[in-house]
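What Swiss-Prot says about this one:
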SITE      T43  site 'Part of a proton relay during catalysis'
BINDING   T44, I202  pyruvate binding site
SITE      Y106  site 'Part of a proton relay during catalysis'
ACT_SITE  Y132  active site, proton donor/acceptor
ACT_SITE  K160  active site, schiff-base intermediate with substrate
Amino acid sequence: MFKGVYTALITPFKNRAVDYTALAKLVEQQINGGIHGLVPCGTTGESATLSHEEHKAVIRTVVELVQGRVKVLAGTGSNCTEESTELTCYAEEVGADGALLITPYYNKPTQAGLIAHYTTVANHTKLPVVLYNVPGRTAVDMHADTVIALSKVSNIVAIKEATGNMERASQIHKGAGSSMTLISGDDATFLPFLSVGGQGVISVTTNLAPRLVRDLWDLWHNGQINEAREVHEQLLEINGLLFCETSPIPVKAGAAMLGLCHNELRLPMTAMSEANQAKLHRAMVKLNLLEE
């Protein structure tokens, strides 16, 4: 259902408010770049520092801007099950195609708690639900057995697995089979992830280079493995730089270099260091995203 190249969309700000003009520009740039879907209000979209009203408005606006041209997988996760349920139901109401739910962060639920959380949200919506495991952010790791158990819930259809752990991905694929679509949440390991059963990526890099990541996907699916590896290697440097400081700090800087938005984040996020911005600029020039 959610296969291919999806962009973990940044949320542009101007003078501390959401910049809806820039958001429209970003959406068009992404669709023109060939992506299969957009993910507003995820980690890359600074969802943790959006108010609930802003969170809903961004989801609604992206759905309206897309007009069915690509899929919209709305970020609706929270560390509070009731809040996540509310956001998910709202995403369904305004026409999103699915909901992406990060594991509840900070309060560190057990595996039983994770199953209860996701099952509760899924039971309140008809939307397809995508799990999201990123323990480096949340301090809770969703085990393969937990994912396999949740695959039995009819509208829990996929997982964004952001650990970059191929063994984990293989365990999920073996245990859940076709009932759980595997989506990479780690740009640097997208290609090897495909080799163990992955069927897509939710990418940070596509904010800057959507066509290149789409090319990698197309080459892989056309059986052009060596050519796909060449694109993978072209992207290695920028994939690394986009996480050399806490994401989305670097990708916001890169988007500003492309003239897509202001280089503005919400505290406690601060702008990328000048030294790292220079490195990112050089990497973008190498990929012909920018001129010298």
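Just so you know, glycine gets a Cβ as well, placed from its N, Cα and C.
Annotated features taken from Swiss-Prot, shown on the structure.
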{"residue": "T43", "record": "site 'Part of a proton relay during catalysis'", "Cβ neighbours (10 Å)": "26"}
{"residue": "T44", "record": "pyruvate binding site", "Cβ neighbours (10 Å)": "23"}
{"residue": "Y106", "record": "site 'Part of a proton relay during catalysis'", "Cβ neighbours (10 Å)": "8"}
{"residue": "Y132", "record": "active site, proton donor/acceptor", "Cβ neighbours (10 Å)": "26"}
{"residue": "K160", "record": "active site, schiff-base intermediate with substrate", "Cβ neighbours (10 Å)": "28"}
{"residue": "I202", "record": "pyruvate binding site", "Cβ neighbours (10 Å)": "32"}
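The separation of I202 (pyruvate binding site) from Y132 (active site, proton donor/acceptor), Cα to Cα, is 10 Å. Within 10 Å of I202 (pyruvate binding site), counting CA to CA, the recorded positions T43, Y106, K160 contribute K160.
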